[in-house]
């Protein structure tokens, strides 16, 4: 595997392999006072973000540094992008500098795929990792969600996962639907009709407009943020009505199975899609998702830059 651009790039076996690798990294670092492995020493990773990020960017940076890579952050607001430099020229510049991997977040769907074409036309350039491209894909988020589900539920096959909220603008919803169904889960989208994408009926999911009817037998409820920055208005009458119909309240939490969990990719809008107290409830796995993100991204970087043949990631510092 050269790049990670979409969940379509991965088979069920490859997904399971990455999740196993992430779990191995987690266990290798557990209890260490110094969280440092020599796995990527001498490698150079650039994060190139054209959109704001807290979790994804810091998680990738931490993942690279915990494997001893040199991680350099490029922000559109403080680079030559501000002067009008194209994505193509930015990518080629960083490739010429010596990048081993480029991690890109971009508002345009397909940007990561295009970047990979520019920097590695013959497969000999840096690996490209899609950290979110418009409403298209966010593969590492889906992987960390799957790892969290596996840890909390004991497995994914046969589980019912309900994804609630702004499906229309959510790359997380798309990536999770692809990954989870490959691993044998039932995925249900719950949203108002105005927040469902055109053609969603062809996706490997079931559509529901009634959140309450899906709670009792769900193994996990994944709440999504309403992405107001991608809306011009008119998608729902008011925040209050949205919270009433599609928010995770204490009353709705009480209807869930004892071992069912609540997830959220972040950032959370407390008081809108999730109640303040529910956000901090024991069944809510948000911080576990964040923690797993580091280990999943370690596994992805290791797999793309080094490969999984003949090298241990747990080699001790000499």
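Note: Cβ is positioned from N, Cα and C throughout, glycine not excepted.
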Binding-site annotation, Swiss-Prot, carbamoyl phosphate: partner of 55, 56, 138, 141, 266, 267 in 105, 240
105
Under 8 Å by Cβ from residue 171 (L-aspartate binding site), counting only residues of that chain that are 6 or more apart:
132, 133, 134, 135, 136, 137, 138, 141
If the carbamoyl phosphate site is taken as the center of the Cβ atoms of 55, 56, 105, 138, 141, 266, 267, which further residues of that chain fall within 8 Å of it by their Cβ?
53, 54, 131, 132, 172, 265
